[in-house]
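According to TrEMBL:
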BINDING   CYS11, CYS47, CYS81  [4Fe-4S] cluster 1 binding site
BINDING   CYS154, CYS158, CYS161  [4Fe-4S] cluster 2 binding site
DOMAIN    2-118  domain 'MTTase N-terminal'
DOMAIN    140-370  domain 'Radical SAM core'
DOMAIN    373-437  domain 'TRAM'
Amino acid sequence: MKSYYIYTYGCQMNTADSERLAHQLEQVGYLPTEEVEAADLILLNTCAVRETAETKVFGRIGELKRLKEKNKNLILAITGCMAQKNQAEMFKRAPHVDIVLGTHNIQHINEMIAEVQRTHKHQINVDMDNTVLPELQAKPNGTFFAWVPIMNGCNKFCTYCIVPHVRGREISRPVEAIVKEVTELGQQGFKEITLLGQNVNSYGLDFKDGTDFGTLITALDGIPGIERIRYMTSHPQDMTKSMIDALGSSSNVVTHLHLPIQSGSNRILQKMNRHYTVDHYKALLQYCREKIKDVVVTTDIIVGFPGETEEDFQDTLQLLKDVRYDMAYTFIYSKRSGTPAATMDEQVPEEVKRVRLQQLMDIQNEISLDLNKPMEGHNFDIIVEGPSQRDENTWFGRTSGNKMVLFPKDDSLKVGDTVTAHIDRAQTWVCYGSIIK
Ligand code: 5AD
Ligand code: SF4
């Protein structure tokens, strides 16, 4: 019996790809193992979005050399964005790697493994010439929620971002294929799906037949069994009013909107190639707040983009105070070679970036707490996800708005149950509640 172990880094797109890789491996007889030491195949599905992600992966690849030395038949495969970015360089840097498989080629994993077994040579496939996405089945990790990629790639070329370089141009899956997958998921007992794309608001534009994200949202409305449809990530330039109307009127789309702004300074937004202004963003959000009842809004912000002055940074702080996000994912700008921002003048010193990040987080934490506090004393529907990371006896679930609710373990509840929680105590990141039905 052969076994496999997958390390997944980075975004949800990688999590979804890992589930699709796992399915293929199991088709040829591999079984999952919890013990990396025991695996016959180790796969690292990697991320290149920031340098810290890459450092982590290279560290892990280095550690795995020991296992390769112990077991000559062990196969080590690198997939995902770092595989695409580093290509054959990967073998130079880590000769004990057997397979480098690019972001457009995960459907070829089993052929690559067979080739390694036959030839005992490095195998690489990093072609990016696909124009149609392969329809790949997944082995979902969850029992009630599933990731549903609706497209791959990005055409935006934000000047800091490596994604368009490593995931290629946007290719959408046909509406029918997505509806079919979600219908089957509903039949299998899945309740919650998350539609994934680097920029879901440009979904379908590559078909050039009028299909857009709104079309998809409308087509997915009312599929039996599907209680919640999540989606990420949205882009302020491409999100239209009609898409927001579709989101707001759908019976199963959640009340959570993740709408990255990246910076509160128009000058920096322009240098980032984001194609919108702070005013446009605010107007768009206003429309979302009108159309999507009780919408919970989260964002991504980068501090220390090249040329970011104290004044630009103050604009970002002001934006946080104006918009009042429920949560912000904050990042220190990381230089990605091959992107325009990497060679821009006026790179911000690391120390300044760290100080700015801390200031940003302090303000955001206060706002998050402020917005969570009024949840106290109210009831919210949650879907039970299981034990929390900290403690086996504390379980958690999420609201439609993606707020995490912790509650004492209750043996009458099982993972995937939809229940009502009464919020007793709200904190910055989580709420504590009791299940009332
Ligand atoms: N440095 C820091 N953050 C980045 N992101 C993307 N590229 C970089 C980079 N080079 C952030 C953006 C994006 C999120 C997924 O990662 O905020 O929305
Ligand atoms: Fe990167 Fe911008 Fe595309 Fe998002 S929209 S993946 S930040 S290039």
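The backbone N, Cα and C atoms fix where each Cβ goes, and this holds for glycine too.
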Residues that sit under 8 angstroms from CYS47 ([4Fe-4S] cluster 1 binding site) by C-beta distance, when 6+ apart in the chain:
TYR9, GLY10, CYS11, ASN14, ALA53, GLU54, VAL57, GLY80, CYS81, MET82
For ligand 2, list the binding-site residues among CYS11, CYS81, CYS154, CYS158, CYS161 whose CB atom is within a distance below 6 Å of it, in sequence order.
CYS154, CYS158, CYS161
Taking the mean position of the Cβ atoms of CYS154, CYS158, CYS161 as the [4Fe-4S] cluster 2 site, which residues outside that list, in the same chain, have a Cβ no more than 8 Å away, listed in sequence order?
LYS156, PHE157, TYR160, ILE162, VAL163, PRO164, GLN198
Near ligand 1, meaning Cβ under 6 Å from any of its atoms: which of the binding-site residues CYS47, CYS81, CYS158 fit that description?
none
Protein Cβ atoms within 10 Å of CYS161 ([4Fe-4S] cluster 2 binding site), excluding its own:
21
So among the binding-site residues CYS81, CYS154, CYS158, who's got the most Cβ atoms within 10 Å?
CYS81
Give the three-state DSSP assignment (helix, strand or coil) for CYS81 ([4Fe-4S] cluster 1 binding site).
helix
I need the neighbours of the [4Fe-4S] cluster 1 site defined by CYS11, CYS47, CYS81. Which other residues of that chain put their C-beta within 8 angstroms of the C-beta centroid, in sequence order?
TYR9, GLY10, MET13, ASN14, THR46, ALA48, VAL49, ALA53, GLY80, VAL163
Helix, strand and coil totals (DSSP H, G, I; E, B; other) for the domain 'TRAM' (373-437):
3 helix, 34 strand, 28 coil
Per DSSP, how many helix, strand and coil residues does the domain 'MTTase N-terminal' (2-118) have?
63 helix, 25 strand, 29 coil
Mean pLDDT over the domain 'TRAM' (373-437): what is the value?
96
